[in-house]
Each structure stands twice: as structure tokens, then as C-alpha cells.
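Worksheet: one structure, shown below.
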Amino acid sequence: MTAEEFDFSSHSHRRYNPLTDSWILVSPHRAKRPWLGQQEAAYKPTAPLYDPKCYLCPGNKRATGNLNPRYESTYIFPNDYAAVRLDQPILPQNDSNEDNLKNRLLKVQSVRGNCFVICFSPNHNLTIPQMKQSDLVHIVNSWQALTDDLSREARENHKPFKYVQIFENKGTAMGCSNLHPHGQAWCLESIPSEVSQELKSFDKYKREHNTDLFADYVKLESREKSRVVVENESFIVVVPYWAIWPFETLVISKKKLASISQFNQMVKEDLASILKQLTIKYDNLFETSFPYSMGIHQAPLNATGDELSNSWFHMHFYPPLLRSATVRKFLVGFELLGEPQRDLTSEQAAEKLRNLDGQIHYLQRL
């Protein structure tokens, strides 16, 4: 087969992810195969405005006995079942007299920190695409305020906070244990592996090309258009060239902003707007409450000069659904043992999302 005959939309190929320094196998011809495997339960929008049994609804008692205030906007509280804690002893360093083989292979670090729950709305049955944009601005404001507060706690009170990972798991398909719209923030004294790898990649790219990786990538995607889903003055949303999940997207700041702490009011409103449009498109794709895991990647708290210089605010959305509201992608077999693989090309996925309404939610048309 000659190069002229190769078709990216039909033939297998590998794509490089410069953020993680890894490759993904793309097999577009597999999208036509029949599916007889597991199917997720289709989402039925039957949740009430208020659930007296919900641990996150205003005025309700949580499992620990703590009482929620009757909050009317976003509400943040320390996670009752935090993955990391402040009140634990520091692990001593390995004894240098121990077996060298053990020291080389069995490495361990103590990790302290704090975790928070971020209730997006007092309404039990509202997800991000169904909220008013003004409510989404409140969410963005809460992300910024939490980032600033944790940075100040580390700086002034010497709390062991180095990085805050803000994220949301939406839907039971993503392991969400409570359907009340909420996200989380885990603040650790170390930089998580995914973020650390990105920072290394950003640093390497800048040293080799004397510019920022995302500056070049935003320029490239704006020029090619084929992977762009939606954009506004401050942000561009793309299905990345190297996407693993079928309808994975990147929300990237068009200008270099290292952290949400640097956002002015206009940028915060633009982020709220782009998130609403993107998530409406997601829900409209299969006319379901589209599950995903999403999160912010930004500069570490009280970043060093190099960390600040290398960081560029962006958000990852990882939705599992593949071809319908009930058929999801699984990372198994070759993808666990070899490398990730996808069927639908990034360009095909972006076209589907781009052509969907990003203003009117499908439930408004019922």
C-alpha cells in the first residue's frame, strides 16, 4: 500500500501524546463491529429537587452526623472520608543500612493533605449542563477561591499543600456514589504523577523549541479546525489528536494562564460558558446524562519559577460512552498490557460533537 492510498479514517495507525510521552493505537475500521457485550442502564431523569436521604442536600445530616447548612449556592466542606489526612505521622526515611535492593525497588513516600467536597448546587437533580451560566460562574469562583485559600494556608500556616486536584466524577458509570451534583478537591503535599509528567513534557518542549507546547497546539488546532468542538474568546475545546476515550476533550486556555488564580472575571465567565456548551453537547449526543470524569490541571500551589513558567491551565474530560447511551468503552486486554486503543478517530468524534446544539439541552425539547 502506498502513502497516497493511506486513509486515516479507515486504516490503523498510532498517534503520539506529547503530554504523557506515550502512544495510542487507532483502529477506525473496528467502529463497524457488532456489540453483544455489557450495556449500561440508560439514565432516566427522575431525581427529585430535594432528597431527604441525600447526604449532600441542604439541611441534611451526613453519614458522620455532621449537618449541612441550608446553602443556596455552591458549598464546600472537608470530605468526611478523605483519601489523605493532615493528622497522620510522617513516615521516616528508609534506613540507609537496610538492604540496597529493597531501597531500590520498594520505595515509599508519606503523603499528607486534605480533601474537600464541592456541592455545585442545592438542587439534587441539576447537573452542570442544566444549570444557569450564572450558577456555573459560582462554581468557577469556588474553584478559584479554594485554590487561593489552600495556597495561602501552605504559605502562611506551613500546611503541607503542594497541589490541589479539582475534579468531578459524573454518573454511576464513573463510580459516582452520590447523584447530587458535586465535585471534589484533593490537596496533597506532592504533585500527582499525571501532572508531574505533563510538567516534565512542557519543560522538555520549551527547552527544545523555545515556546510553550500548548501555545503551539492551540495555534495548530485553530488552524486545522477538524478537531475543534467549540471555542470562545478565552478557551478552545478540542478532541485531542491523541485522545484515548471516544469523546474525550481538552479545554485549553488560549492565552498562557498557569492557574485559575490568574483568572479575571471575564475569563471565569468564559470558562463557565464553554463548560455549559460542552456538557450540553455531551448530553445531546445520546440524549442522556453523559457520564465522565473531568478535572483541572494547573500550576502547583506556590509554584517555583520553573513550575509556573511550564504550567498552562487546561481541563481534561474523559467520558466512557462509545456508540450509544448504554454502550461504553472498556480499557482491557491489549490496552492494559500493550497501549491504549480507540476506534473512532478524533476528527470523527469532534465532528459529531461540533454539529450538536450547545445551547438547548435535549430535555428542554421534550
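Using the three backbone atoms N, Cα and C, a Cβ is placed for every residue, glycine included.
Source: prediction; values computed, not measured.
The feature phosphoserine is assigned by Swiss-Prot to SER27, with a large-scale study or a structure entry given as support. If you draw a 10 Å sphere around the CB of SER27 (phosphoserine), it holds 15 other CB atoms from the protein chains shown. In this structure, SER27 (phosphoserine) belongs to neither helix nor strand by DSSP; it is coil.
Within the same chain, residues at least 6 positions away in sequence whose Cβ sits under 8 Å from that of HIS124 (Zn(2+) binding site) are ALA47, PRO48, LEU49, TYR50, ASP51, CYS54, LEU56, CYS57, LEU179, HIS180, PRO181. For CYS54, CYS57, HIS124, HIS180, the entry in Swiss-Prot reads Zn(2+) binding site.
Listed in sequence order, the residues of the same chain lying 6 or more apart from ASP80 (UDP-alpha-D-glucose binding site) and placing their CB within less than 8 Å of its CB are ARG62, ALA63, THR64, ASN66. Under the heading UDP-alpha-D-glucose binding site, Swiss-Prot lists ALA63, ASN79, ASP80, ASN169, GLN184, LYS329, PHE330, LEU331, VAL332, PHE334, GLU335.
The DSSP secondary structure for HIS182 (active site, tele-UMP-histidine intermediate) is strand. Within the same chain, the residues at least 6 positions away from HIS182 (active site, tele-UMP-histidine intermediate) whose Cβ sits under 8 Å from its Cβ are LEU56, VAL117, ILE118, CYS119, PHE120, GLU168, listed in sequence order. Per Swiss-Prot, active site, tele-UMP-histidine intermediate is recorded for HIS182, and the stated evidence type is sequence analysis.
Swiss-Prot lists GLU198, HIS297, HIS314, HIS316 with the feature Fe cation binding site. Over all protein chains present, the Cβ of HIS316 (Fe cation binding site) has 20 other Cβ atoms lying within 10 Å.
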Among the UDP-alpha-D-glucose-binding set ALA63, ASN79, ASP80, ASN169, GLN184, LYS329, PHE330, LEU331, VAL332, PHE334, GLU335, as the record gives it, the longest Cα-Cα distance in Å: 41
Which listed residue (CYS54, CYS57, ALA63, VAL332) has most other Cβ within 10 Å, given these are binding-site residues: CYS57
Cβ neighbours of HIS297 (Fe cation binding site) where a neighbour is any other Cβ within 10 Å: 20
GLU198 (Fe cation binding site) - helix vs strand vs coil (DSSP): helix
